[in-house]
Amino acid sequence: MLETINLSKNFKDKKVVDGIDMYLEQGESVGLLGPNGAGKSTTISMISSLLKPTSGDIKLGGKSIVRNPSEIRDVIGVVPQEIALYEELSAYENLKFFGEIYKVKKGVLENRIQEVLEMVGLKERQKELIKTFSGGMKRRINIAAALMHKPQVLILDEPTVGIDPQSRNRILETVRELNESHGTTVLYTSHYMEEVEQLCNRVYIMDHGKVIASGSKTELLSILSSELTVQVQLSETSDHIIDTIRLLDHVRHVEETNEGIRIISKRDANILSAIVLAAEKEGIQVTHYQMETPSLEDVFLHLTGKTLRD
Amino acid sequence: MLSFLKKDLLVFWRDRKEILVALLLPIVLIVVLNFAFSGFLNGETDSIHLNVALVQDDNESLGFEKFEERVHDLDISTSDKESILKKAQLLSPTELLNTFFSDPELEEFISIQKLEAQEATNLVEKGDLDALINIPEGFTYSVLSSMLLDETTDKELIIEIKEESTEAGALQSMVSNYLNTLNFQFALGQVSGTAMSEPNLPQGGREVIDGVDPYTMADYFTFAIGTLFALFTASTLTAKTVTEKRERVFHRIMLTNSKPFDFLMGKVISTFGLTWIQLIITLVATHLLLDIFSGETSEYLLGIFIVITAFSIAVAGLAALFTPITLRLNDPDLSNGIFMIVIMVMGVIGGNFFPIDFLPEWIKKVGEWTPNGLTQTTLLKWVQYSSPTDLLVPIILLVSFFMICLFIGLFLFPKRGRM
């Protein structure tokens, strides 16, 4: 339905997006992951026609929309990272304004406003000014405004940043409902891996302006099929023991966490005994250990060398 | 477009602080400044008071006789001689000067007493009088031969002053103004060939021309402050665009396939409407408080109405220009700063802060090319004399200003894909 072909964007001499190939099938929910500065927002701006690509193409239903962007504006809804609403207007007035400029017909506008308010759970608060809303409520209206014209594709740019768990769950529910019940195609970027895992059928991972991995969750996890994650707790921790573990055969990554030491190594049955031996040599005991199944977070870390919130 | 207009008006309406500033501040300023400077233009103050002696050394009848002899000696036709003598009979320089100084309005700040030369000089020396005006011997003959025969005069009114002061300067200026007007009125009579009636002399220190009413300080401040604050309205509404850009609402709007023209026209029409309402409220409130339109005709009020409507259109043009500049500049503070400077400069050269009559001619000319300066000048002229044809050119200029700004605004409006 929507695809980008070798999409690139330069700002002066800096290449911010570098030859991205992506596609979204109709009714699919796709995640776009990447650390800050990876080029996600620039990619979204190009897909939504706010930015002109330096090179490459964007196609909607097989037709290029770079030269004729008005077509894509009719079918996409964009939820920006910022609260793009009029603070001095009420929720209802904001939705009415955006409904009118999206050219929703007068006869259906009122119903549509009530529908989207119902969807985001703020029907009872529609007369209140946006500036009186909590951050979570503002984000819900931010989504509602993008839904006024019943978009076929919904692009959400980190829609849950800095909000309370209740609003976050409501937003995730809304997005899921739109995707599953209304058949809306979703492109979702987030810093929260669990949101992407929960909502998306497929994921693109971006870093330094490039897509470095893509596929379904299973496909991405298979990247780590040759790896093993072990979480250990020691009787005492020092930089020396961490360095010692890091130097063990097959160990790929070691980091200290709140729960102890997290070790990613090549899948090897002997890694645990190697850790125990190394610790004993230093007079330290392993008090607890846990073998973990790799998550998308691990995949991300493996691919980019950073966590999502870096 | 209507959606944008409704939105812009609602956003402005909800900002009560801005509304109070836009509507109340100009009225407060007009009233305060009017009271602070009252009398500056129309002599409403009693701070100036002069005690002046008028010394009559001239014998008017002798002067007339001498003039008659001079006319008879001239090598002109008898009918011309009769005509000149007839005019001379109407023109009594010393009598006109007496009439001038006994004007009730002038009497409020100049007390004239007729004294002998010696006594008057003594009183001025002692400081009991501020000045003396001496009508020298031969004055009547000299004035008549100067005005009617175009001969060089060697007799002038002599003003003796104990100390140089603003008041004494004002007196000199008044007397000089009186003589100039007398000459002017007489020259007019000569040119038109009509029989000269009693000259229309300066009154109360201000020049009065037929059909021209003087404007008051209240008139000046009403139009100056009113037009200045109208300019600020353009800046205030443009500042809302800063928020729209910062909070990405503008990007969201651009994603709706809305035309930039609609967005811009929303700003333009709302600026026009708010400026117009602001000016109407300012004028009505000023009238209620300072009685500026008392006794004026409906034609006069219609003229005011038309000029402020044209000016509101010009201010809307400024909003059309400021909006795309705001959208193009990345720093909202920079755009606000630039607009504020532009408005302040327009205010200064347009004469909104102080009358610019004393500034060099070229600055006055430039000032009249600003919409505020042009409007202010037009309104003040309209107050003085009502000639509807005089409104036509300023209205065309104000509407042209709007059109030029709108075209530039549309040209500068950021294109999608380059934001």
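Cβ coordinates are placed from backbone N, Cα and C, and glycine is handled just like the others.
For reference, TrEMBL has these:
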DOMAIN    B:168-416  domain 'ABC transmembrane type-2'
TRANSMEM  B:20-41  transmembrane segment
TRANSMEM  B:220-243  transmembrane segment
TRANSMEM  B:264-288  transmembrane segment
TRANSMEM  B:300-322  transmembrane segment
TRANSMEM  B:334-354  transmembrane segment
TRANSMEM  B:391-413  transmembrane segment
(request) Grab the same-chain neighbours of the transmembrane segment (B:20-41) for me: Cβ-Cβ under 8 Å, and only residues 6 or more beyond its ends, written as numbers and ranges. (result) 47, 214-218, 220-222, 225-226, 228-229, 232-233, 236, 274, 278, 281-282, 285-286, 289-290
(message) Which sequence-distant residues neighbour the transmembrane segment (B:334-354)? Criterion: at least 6 residues beyond either end, Cβ under 8 Å.
(response) 224-225, 227-228, 231-232, 234-235, 238-239, 242, 322, 325-326, 363, 366-367, 370-374, 376-377
(request) Mind pulling out the one from B:264-288, B:300-322, B:391-413 with the most Cβ pairs under 8 angstroms to the transmembrane segment (B:220-243)? (result) B:264-288
